[in-house]
């Protein structure tokens with residue numbers, strides 16, 4: 001197979017975003033059992049066993065923190081991970097977070113107090129924050145140009161698979177939890193401790209598989225290790241050192257190494273160099289900010305309410321179909337990424353999300369304000385179209401572009417800053433979404449998100465370049481010519 005080493009290396013790194021998805025999806029399947037709030041389909045509370053070791057959270061505040069602390073940890077991990085990945089490399093940074101995930105999920109499996117679970121979630125978040133920018137960077141730097149889009153989009157595909165896998169595993173470990181409630185049976189509660197033990201497997205595989213993957217040639221060259229960089233490149237390009245592709249990339253590595261010797265390679269020098277890529281940093285930060293503020297969290301957070309308002313029962317089945325749509329469309333995005341290009345898919349996704357959000361707002365306006373109840377179909381169509389539009393472009397492409405537009409000598413630092421802002425915006429949305437909904441109603445929420453999606457469309461049209469089929473040097477040449485200082 002052509003580019004076998006590059007594909008296997010990318011596959012190894014994808015255990016990182018898989019852990020991202022598993023960690024995000026974990027609370028959705030387990031939190032009701034952890035806080036003893038499981039109910040029947042008609043809303044009747046099912047009491048868990050009084051002495052069950054699955055009931056940990058005694059207050060709603062503890063349960064709420066369990067969901068949100070991952071975001072706090074991710075902000076910390078994203079910001080701290082920049083200097084780490086510049087100092088130790090992409091490969092060893094990913095190897096380093098593998099034992100962190102393993103230890104934290106062992107800790108959670110054995111935890112018996114709320115504070116133990118909450119501390120573990122912070123550190124899981126740190127690992128998620130680090131991998132969420134290191135993996136796109138790693139993929140971008142080891143992938144051949146003609147596959148960089150498809151392999152880069154696999155990052156989001158792995159996140160989606162992780163969320164779906166967490167959901168399925170949650171169903172795979174049911175428990176009665178010593179309950180004597182007549183409504184309880186062997187499938188009522190989730191044995192989240194067993195789920196933790198299973199998640200240890202991909203946690204460990206991340207470190208094991210990355211140990212056999214090469215470091216990225218760009219990182220090696222930027223640290224003055226030109227021969228090692230060329231050896232890694234040769235391995236990643238099937239050993240064809242006389243090929244046109246290898247020769248061009250090898251020349252770029254030589255220029256990277258020369259630039260390092262001229263500019264200095266210390267971490268302080270790299271921080272200073274961030275000032276030379278203000279436009280790239282602006283684009284990267286804005287894309288990841290608009291992604292978080294585009295409303296995807298609202299669709300996921302309120303999906304049960306949306307389906308109930310539309311008159312559909314069976315929230316678990318509907319949630320599963322939403323994840324299935326996201327998985328299928330993300331896979332399609334991977335397949336067509338290097339044919340369609342980044343801009344067209346990003347614009348198509350943002351336009352689709354904007355229209356879907358407008359329609360969702362209309363549904364809630366008609367139902368809540370106009371008293372029209374026979375428009376449930378509009379909510380269902382809007383929700384699925386929204387998820388599909390997000391998955392075709394807005395989910396994957398901001399991460400892909402982030403890994404492509406930053407100069408090689410500051411790529412890790414710049415990506416960590418953009419990722420930290422992304423997680424901060426996610427935290428803000430999580431904290432204030434419900435309060436905002438109570439202030440402006442459901443229709444107001446979705447019309448606000450439609451406005452943000454419209455801003456994303458304008459931003460992409462004005463500022464975001466097409467990076468399909470371009471080398472890193474060509475991308476930097478574009479920015480230097482278009483935004484040269486006066």
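Just so it is clear, glycine is given a Cβ too, placed from its N, Cα and C backbone atoms.
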May I ask you to indicate which of 151-172, 217-238, 239-260 is given in TrEMBL as transmembrane segment?
151-172
Sequence-remote partners of the transmembrane segment (118-139) [C-beta within less than 8 Å, at least six residues beyond its ends]:
9-10, 13-14, 16-17, 19-20, 23-24, 62, 65-66, 69-82, 84-85, 90-91, 93-94, 97, 100-101, 104-105, 107-108, 111, 148, 151-152, 154-155, 216, 399-400, 402-403, 411-412, 415-416, 418-420, 422-423
Need one number: mean pLDDT over the domain 'Major facilitator superfamily (MFS) profile' (9-468).
91
